[in-house]
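Feature annotations, courtesy of TrEMBL:
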type	residues	note
DOMAIN	1-134	domain 'BAP29/BAP31 transmembrane'
TRANSMEM	6-27	transmembrane segment
TRANSMEM	48-67	transmembrane segment
TRANSMEM	102-119	transmembrane segment
COMPBIAS	143-153	compositional bias 'Polar residues'
COMPBIAS	154-167	compositional bias 'Basic and acidic residues'
COMPBIAS	175-198	compositional bias 'Basic and acidic residues'
DOMAIN	179-230	domain 'Bap31/Bap29 cytoplasmic coiled-coil'
Amino acid sequence: MTLVWGIIASFLYVEIFVVLLLVLPLRSPQQWHRFFKSRFLAMLSRQAQTYFYLLLAVLVLFLLEAIREMRKYSSNDHSHTETHLNVEMQHSMRLFRAQRNFYISGFAIFLSLVIRRLVSLISGQAVLLAQAEASMKQAQSATSAARTLMSQQKDGDKKADAKDKPAGGDAPNTDELKKKIADLEQELAKERKDKEAMKSQSESLNREYDRLTEEYSKLQKKITVSSADKTSHYTFYLSVE
């Protein structure tokens, strides 16, 4: 493996480690969101999009180079296998290397996109959880305020009945309290609807997160099986030699 492909393979291993960190429940979405919004990452994020597309373009170039090598060595005609056994072995080794490079560059590109999507999903989930918590606190405060107004209204009614006075002078205050209670109940209902909407959106984000995790597991199994097949094929040719 050359130095360039060694660097790309190391980058692929780092991507696998980062995906495992994001997928495993080691930290909460709020903690990941605070980490993503830290000063160090904020300084890097100014040029992060440019670096990401540049890295993606380089990986695509290496992927195209690997595809070209695969087509080059797979289209060679080896009609005289007995006479040119060494040449055929060399072509087989080069074809194996081209296929290995194809898998390395292809999965490096795929994991780059997966990491970017996971970061956006985790950040969105953290924002939704924060909004849901704020809405819950606001709804609880509105409920406590409504209960306080209702208890004050009951106390006022009891005092009015005890003094046996006409309620004509207190009618405006009572109407005003009822209006405030109605407004608070409407606000509480609105907050509950917002909370339900945020909860459904958070559940959809969790489902998308689980789907990406499952897809990543399937692809990792696929590359493991493919690497095992190519290694056995390469071992067989070496034993023939």
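Placed from the backbone N, Cα and C atoms, the Cβ positions cover glycine too.
Note that the structure is predicted; figures quoted are calculated from it, not measured.
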Go through the chain and flag residues at least 6 beyond the ends of the transmembrane segment (6-27) whose CB is under 8 A from any CB in it; none is fine as an answer. 35, 59, 62, 101, 104-105, 107-108, 111-112, 114-115, 118-119, 122, 213, 216, 220
Quickly jot the same-chain residues contacting the compositional bias 'Polar residues' (143-153) by Cβ under 8 Å, restricted to those at least six beyond its ends, or write none. 174, 177-178, 180-181, 184-185, 188
As a test of reading the model: what is the averaged pLDDT for the domain 'Bap31/Bap29 cytoplasmic coiled-coil' (179-230)? 79
